[in-house]
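Pulled from TrEMBL:
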type	residues	note
REGION	1-40	region 'Disordered'
DOMAIN	65-173	domain 'PH'
REGION	531-552	region 'Disordered'
COMPBIAS	537-547	compositional bias 'Acidic residues'
DOMAIN	563-678	domain 'PI-PLC Y-box'
DOMAIN	681-807	domain 'C2'
COMPBIAS	1010-1023	compositional bias 'Basic and acidic residues'
REGION	1010-1101	region 'Disordered'
Amino acid sequence: MSETEPAEAGRLNGVGRHLSMGGEPPPEPRPAQKPLRKTKSVSFHSATCLRSERKVSSVQECLQRMIVGSTLIKIRPNLRQYHRFFSVTEDLTAVRWVPSKKSNKAQVPIDSIKEIRTGKNTPIFRNKEFSGAYCEECAFSIIYGEEFESLDLVAPCPDEANIWITGLNALIAREQGGPAVATQVPAASAPMMEPSQTTLVPGTGANRCVEGDAPDGMDEKAAVRERWLAEMFARAAGDDLALLDERAAIELMRRLNSQITTGRIKQKLAEYDNQRADGDVRGMLTSREFIDMFKEIATRPDIYFLLLRHSNKEYMTVEDLHLFLEGEQGMTGLTWEKCMDIIKHYEPNPESQRSGQLMIDGFTRYLLSAECDVFSWRHRKVCQEMTHPLSHYFISCSHNTYLMQDQLRGPSSVEGYIRALNNGCRCVKVDCWDGRDEEPMVYHGNTLTSRTPLLDVVKTISDYAFEVSDYPLILHLENHCSRPVQKRIVQLLRDTLGKRLYVHPANCRKQVTELSPQELKHRILIKGKKLPAGTEGDGDVSDEDEGGSYRADSRKVPLCRELSDLISLHRTRLTETAGLKERGSWNEMCSLSEYTANKLIQTCPEDFIQQNKSTLTRVYPNTSRVDSSNYNPQDFWNVGCQLVALNFQTPGTMMDVYDGRFRQNGCCGYVLKPAVMREPIGFFSPFTKDPVPGVTPQMLKIKVISAQQLPKPRGSTAKATVIDPYVVLQVFGIPADCAEVRGRTVSNEGNSPIFDEPFEFLINLPEMALLRFVVLDDEFIGDDFIGQYSIPFDCLQTGYRHVNLLSNTGEPLDNATLFVHVAISSCVAGTNLVPLVAQAMKWRADVTDSMARLQSECGLGDTANIKQCVRVIIQRLASAHDVTGLVLREEDGLPMLVVSGGPLSPHLSRSLSTLESALLEFGHMTTGCDDLVRQLHAQFAVVTEMYEGLGDRCLAAGLKGKKKDRAHENFAWNARVIQGQMDLLEACRRDCRQRLQQMQSSQDMITKYLSKDRSPATRERPRLTVPLPPAEREPPVCHTPPTPATSSGDLRPKSILKKTNSSVEPNLVGDMQPLGLTEAPVSPLSLSRASVTPPDPDTAL
């Protein structure tokens, strides 16, 4: 069955934008379609920013592009904006721009640059009047000079910004004593140079070496990679010819990198053969060709730039990896040995392993490993408390498990049970009817579905019940049999299931649903109709067939005593809304149709939630779903229904969401409900738009970077072999959290499309939220489904992660992944609170504010951790000439940076002061909140005691009906706030301890940067000269300025963009000429015809 929901979801109303590159026209608009459902949505659709053959994939290419130059938007402190042509001098010593009134000041020397900030992380970019003008990925700032001045720039597209950021960081690293920046000069047109001046950075084969080139002039680490590849080639060739045929080349490349597909290799081999001269041997590869081809296919630009950005070189040392894992991946408790183990495990080159260096191939392997999967390792096994009552869990439940297709004519089979149980299902349904020779049969009554013997079904359940999960299995028995056949059912169940069949003792102090999954491990419970208490012998019960309609005068069916005694969960059926407040028995399970449950949700959701705290509720599909389609299970989870039954045989969006929900907690089929749905005096309404009491809202930021090895859609009607992929992100949760966004389309690229798009979602109840990634092929008529992955919010790992895509049936797609960056931050909310709760919130707010000030001072985003902030401050101090010493010292139990030397600049003093204030707040929270926690616990105990007599208090006060209900709701709401503040204080204290531990582990980083910046090599390293021949000059990659992220008309900067002055002579700054530039206004800004654009006051620079 094809998946159509995401295709419809792709045409949503929202803010649209087109990023047109290199003069390419934007794609034709597609006709709008009806959205899947009413959700918050934003739509992006554009052509790809960079053509695949022009992707930059090495420092060498970045520097070449920077020497050629490109048009950037320069932002002045007064928020005036100017188009300027920026380039790097050919000797790589300065960044300059034209036009300018004073050209001698329109440049920034490389040796004066302190840092490069990505995104909007300077006061100018954070200005409220400007904050929404441009997308985050296009903005970057050059921080230079002793006063840490900022040159704030906006690139035409994220790829152009990435080129400048990567290139400038490489130049800064060399100035600070890092490895030499390398580039290749084509021999045909380059001037004479010394051998030491001509080097090559290993990229993806954009500038392929000719046969016979030796790696002597290459950068040392580039040569290490080539030596390794040459050695692997020689072992595979094994003869004097030193050639590999197609089969051997494919086998070797796949052995070195399993992510490379055979089709991709064959395509490259064909390209190489087409470039050969007449008479050359075809179908064979030399060592040089193999090396170039491997680097071209295996080097992913997105990971290559990530490696450069976090190490400023083409490999990671143990220290670099340690910083990356702590700073970006959010890992704690790391040791040098652990980082070294990662290098040894993932780095394929033995020489690099011995040196403790992780190069691009090893780094790629690591990021593609299970350790960097977006799904948290913690939830790959059972990690939640399993000692709560059964009613406190969501339980995976299957409807009409025996059916393989529709509800009317399809086959019945034991395969349905095998599929469900292997998927972690913990509640299966068995419909029993009389068969021949008094043998019970399983099928859908009064339909044309085929029949399966009950004996086969029970044996299958016995074999597979605990293959995936050890926790209790509920067998929902729907009995339509005569008494003799019922006795046969009892015999089959006892003989086949044996001791695993749980029969609840009559003298047990606990009811069945008061028992926990832990207490019922490896037990099978029978759910069904039970004879009323006091009945002796056999009796009659009402026939409540889920396949038919319920009537109050339903006919009676016989029930033998033996079968009734096996029933542990007594099945009842709710027909009246008023019955909610009268029910609540711990030994009953309520079965509701989809229609009835929806009616209860609309009329009395709070009462429904309150009932589900103690009573098991099962929801099943309406009888009108004869095609076995599924409803949205999230609607019923939001009110605490435990057993939401779906048709497991029907793939699609709803089954994806279901699988995603139960993928957590080790796929055991039991997921603990949020505390607001479990606590007896808690209050929760799923339809509230306000923050949930006692729960801190979370800001989820997802950046979809790229995709890899996307297959052609199954059953696609398109004749072309290429696809035009785009990504849809959907959030399922309480109504306030539901959202859907659509990314831009990348045309004609399925192997490695680059999306580079950020998305943000505000999550009010994180424990109920679930994120679904969907990849589709953009077609004019009906977008085709490519892959998907659904994951609960609590299972997301932050940092750079890969998402392994699944088919619409839940099967893994071979090597098909999304590369994303995940960041999660907390939002503080709440007003008009009692003093004790207000004090708790203030303490947490002080910690949050101090961390936010530190992030802002360091020029980092709101997801940066303390280790990243400390690294920035240490780098600043290490580059200051007056600083002679820096040490980490403990003062009053807190780790502090102590600086020795001359007076510090105001900027450095402010940085240290901000760090010290943050550390003091962390220490205060860690050691000083014990008394506050005790007071909150005492207050909560008083509230709990008062709640027991609240009914009598209401009667004494004359509160009845709705007023009484309202009093209960308000009381429960306040109790939940107190409980929530206790939990949040404990979580904040854990975070503060972790931050202080990260600070204490920064001494090695201090030593590293001080030794590097004080070394003689740093001060005496000669300048690089990288001439660029005229033949290599080409227009910049991007010409069209970026479209701001919003089209709101409220943004009104103080002036307008000043276009390039055509009267300025190109040779004003030497021989650099802006070739092929086009000017375009920044359209979303509000422009006034009467405005007079002042000249650019470049004198300040």
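Placement of Cβ uses the backbone N, Cα and C atoms for every residue, glycine included.
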The domain 'PH' (65-173), counted residue by residue under DSSP: helix, strand, coil: 33 helix, 40 strand, 36 coil
Taken over the domain 'C2' (681-807), the model's mean pLDDT: 90
Composition by DSSP (helix, strand, coil) of residues within the domain 'C2' (681-807): 6 helix, 59 strand, 62 coil
Residues in the domain 'PI-PLC Y-box' (563-678) grouped by DSSP into helix, strand and remaining coil: 44 helix, 25 strand, 47 coil
